[in-house]
Amino acid sequence: MLVALDGPAGAGKSTVARAVAEALGFTYLDTGAMYRCVGLRAAVDPDVDAATLDIRFDGERVLLDGEDVSDTIRTPEAGQVASRIATDPAVREALVTAQRRIIATGDFVAEGRDIGTVVAPDAEVKVWLTASAEERARRREIPVQELTERDERDASRETSPMKPADDAVEVDTTGLAIDEVVARIVGLVGAVR
Ligand code: C5P
């Protein structure tokens with residue numbers, strides 16, 4: 001079983017996906033962390049082949065070629081680089097392949113931009129999580145303009161642009177408590193189980 005959780009930066013995907021996974025006993029997959037890992041390598045080696053990188057999750061920790069990069073990948077700069085390399089079709093192909101391999105191993109809540117549209121169009125539950133740009137920028141502690149620039153780059157790229165799947169349920173988290181959002185999504189899962 002797969003819950004696909006997509007949406008723009010700062011919509012609350014990570015927090016919600018973690019909580020939904022815990023409530024259901026599913027494993028959480030943070031696909032943004034994988035793009036951030038490739039970004040980290042690309043910053044020092046622009047020709048890096050994403051398919052050769054060893055990206056692993058160990059509980060809450062993210063390991064890149066054996067090195068714990070959990071904190072390094074979380075800086076706003078790493079987010080910007082990730083968003084740039086995410087426009088590269090070869091990077092996307094390598095990571096989508098890796099993501100499909102991971103989610104085939106059990107029950108997952110996978111969060112990203114293209115889970116419901118590209119990685120797993122057959123996902124049993126698809127959620128498109130949003131919030132106002134102001135609230136999302138505040139949560140990310142970045143200027144609204146930087147956030148909207150990233151949204152635009154994610155939404156306008158040729159390969160797998162960020163967009164809701166036709167059959168995704170939209171959940172606007174502006175002003176909602178996390179518990180309310182989580183309950184709503186757990187309810188969607190209960191309805192198809
Ligand atoms: O979600 P997070 O902010 O960690 O993602 C970092 C960047 O990786 C996003 O801005 C987006 O450009 C890219 N990304 C993507 N597809 C995904 C997950 C993340 O293009 N499935």
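Just so it is clear, glycine is given a Cβ too, placed from its N, Cα and C backbone atoms.
Per TrEMBL, the feature ATP binding site maps to GLY7, PRO8, ALA9, GLY10, ALA11, GLY12, LYS13, SER14, THR15. TrEMBL lists 140-157 with the feature compositional bias 'Basic and acidic residues'. Annotated domain 'Cytidylate kinase' per TrEMBL: 3-188, in sequence order. The region 'Disordered' annotation in TrEMBL covers 140-167.
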*Quick one: DSSP breakdown of the region 'Disordered' (140-167) into helix, strand and coil?*
14 helix, 0 strand, 14 coil
*According to DSSP, which of helix, strand or coil covers ALA9 (ATP binding site)?*
coil
*Kindly state the mean pLDDT of the domain 'Cytidylate kinase' (3-188) in the predicted structure.*
96
*Please go through the binding-site residues GLY7, ALA9, ALA11, THR15 one by one and keep those whose C-beta falls under 6 A from any atom of ligand 1; give the result in sequence order.*
ALA9
*Once the chains shown are all counted, how many other Cβ atoms turn up within 10 Å of the Cβ of THR15 (ATP binding site)?*
15
